[in-house]
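Trainee: Right, I'll just put the structure down here and ask away after.
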Amino acid sequence: MALLSFLFNTKPKTASAAKERLQIIIARERSGRSGYDFLPALHAELIAVISKYTKVDSKDITLSLDRKGDLEVLDVNVVLPEVENRS
Amino acid sequence: MARIIVITSGKGGVGKTTSSASFSTGLAMRGHKTAVIDFDVGLRNLDLIMGCERRVVYDLINVVSGEANLNQALIKDKHCENLFILPASQTRDKDALTEEGVERVLNDLIQMGFEYIICDSPAGIEHGAIMALTFADEAIVVTNPEVSSVRDSDRILGIIQAKSRRAQNGGEPVKEHLLITRYSPKRVEAGEMLSHQDVQEILRIPLIGIIPESEAVLHASNQGNPAIHITGSDVALAYEDVVARFLGDDVPLRFTDYEKPGLLKRLFGAK
Amino acid sequence: MVSKTPRKPIEIKISTVVAIAVIVHDADLSVINSALKELTANSSDYYSEECAVIDVANIDCAALNWAEFISIFKVNGINAIAVRNAPADAEEHIIQLGLNIDLGGNPSKIAELATPEPELEPAPAPSAAPAHVAAPAPAPTMINNAPAAMIIDTPVRGGQRIYARGTDLIITAVVNAGAEVIADGSIHVYAPLRGRALAGASGNTSARIFAMSLEAELVSIAGIYRTFENGYPKLAANTPLQIKLNGDRIDVVSIQSHN
């Protein structure tokens, strides 16, 4: 087995991973190129809105952009405080 | 006692960001709380090499200008819980990166308990590069064994001696380390490439390590994984040696000698 | 808050500015242009941070086109701010072109301006040598306590410049390519000399340059310079050398030479 893999010189094919990452990040940067990167503002507004209903900190909300197939998906993760602390 | 270390070179494309990523990862893996900051203004690279580009919300200039605090901007590394990344700003002008602002950010990081703060410098000797080296306690000067890289490294050493806070306050000088990257022992032996001794003879600073030219670096950046994570590769081992030497271990140099591969290996493509 | 006393908008203080003197030996503008290009070959902004005084004592200025002359320096990145030893009838023209008249090289002329002609002077003293005439001109005093040599122990890196004013310069570490070391006295480099070395910077023609290994881009003594684009003198490889001025020629000889 070792000899076979040796013969066929398997190199990791990481270029496709690179391409996928680039597609996402460049799409995001292009859309923001008109000057306004909306994620920080969105982050701040989400904190403000959710804080009206329950106590949250900036570190409880994380945002990320992802690509799933042909779609670009905005992932918003909100960690709500434990029941006693909600109001 | 927290240490601020700048990774700089003068010349572009020699391996600063690759080295910043692996060096800070190596320190964090050894249990030290480490922050790594991208000091470029306008171009962002460190996040891509570390694989956290999708989690960037706030950047260094957001923090300097008070639009965000460090807790919001620092990104926790996906592999290493001791490691945090502060990305560069892509959309601002360099005047927004003020010296007082940088000093405040570094002091805040020290207050937060970071033991090592790695400043990934951009290429050149302009504002971003100067800001990255101004507050450094130590400098790792990344150099390819190639004439313009060596000359630019010499230049940046002169600038560190003149423009760092330590130099201007007359304090203990910035501790300088030479990191040679993209080293090919085969080409050195063939007389095509400067040897590490040649580079040392011109730059005259202590050598902290030699990173061999390797395909692993490309695969690492493709995947968004610092090269030190490509376990068993020559590059990973070389970066581990660098971290060990930095922390005081006496580690002999490796990957400096060319061993001609045997006939069978050469038939199957080894170089 | 501490209250501030009102400050004047402008203050005048005595300040020292390091300037270079460019001594011109040929009135042909194209020759000057080529020489300047050769001097600043590697970086046209090499002298852009200094002020330059152009000394025309050695050329015939009668037919000189001052406007073109001055512009050649600016084009080559030399910040000409004054002209020295220009003929009196050219001074007004030079001032109109925006440069000063510099008296720095002419003590007798400074004396002439400093001491007003006494009104009772019976016969007009020749203005060429007022320093020797009755009116007590302040004689230039020779101060004989030369400062100790400047000693540098760390490598001099590309882009750095060291100037030992009024004394010798001793360097025990390498002078790298792109660095410039300057002294009014002699320069001693106990290591390879790779950058540029300018000894006798204020005109001392007996200054010398010593180097363990000559790999310099340019050497100069009292303003006379030599580059090594066509290689180094045969005896130079890895032997300690001295560089000295022989008339207007730069000689590179071994340290043991006594010519």
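Heads up, residue numbers simply count up from 1 along the chain you see.
In case you wondered, yes, glycine gets a Cβ from its N, Cα and C as well.
Because TrEMBL annotations are produced automatically, they should be read as predictions rather than curated entries.
So TrEMBL says this about it:
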DOMAIN    B:3-162  domain 'AAA'
BINDING   B:Lys11, B:Gly12, B:Gly13, B:Val14, B:Gly15, B:Lys16, B:Thr17, B:Thr18  ATP binding site
Trainee: Where's the emptiest Cβ shell within 10 Å among the binding-site residues B:Lys11, B:Lys16?
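Mentor: Fewest other Cβ atoms within 10 Å, among the binding-site residues B:Lys11, B:Lys16, is found for B:Lys11.
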Trainee: With every protein chain in view, what's the tally of Cβ atoms within 10 Å of the Cβ of B:Val14 (ATP binding site), excluding that atom itself?
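Mentor: The answer is 24 other Cβ atoms.
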Trainee: Give me the sequence-ordered set of same-chain residues, not including B:Lys11, B:Gly12, B:Gly13, B:Val14, B:Gly15, B:Lys16, B:Thr17, B:Thr18, with a C-beta within 8 angstroms of the centroid of the ATP site's C-beta atoms.
Mentor: B:Ser9, B:Ser19, B:Ala123, B:Val142, B:Thr181
Trainee: Around B:Gly13 (ATP binding site), how many other C-beta atoms are within 10 angstroms of its C-beta?
Mentor: 11
Trainee: Mind telling me which of the binding-site residues B:Gly12, B:Gly15 has the densest Cβ neighbourhood, counting other Cβ atoms within 10 Å?
Mentor: B:Gly15
Trainee: When you measure from the Cβ of B:Thr18 (ATP binding site), which residues in the chain that are at least 6 apart have a Cβ under 8 Å away?
Mentor: B:Ile49, B:Thr181, B:Val217, B:Ala220, B:Ser221, B:Pro226, B:Ala227
Trainee: Over all shown protein chains, what is the count of other CB atoms within 10 A of the CB belonging to B:Thr17 (ATP binding site)?
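Mentor: 26, counting other Cβ atoms within 10 Å of B:Thr17 (ATP binding site).
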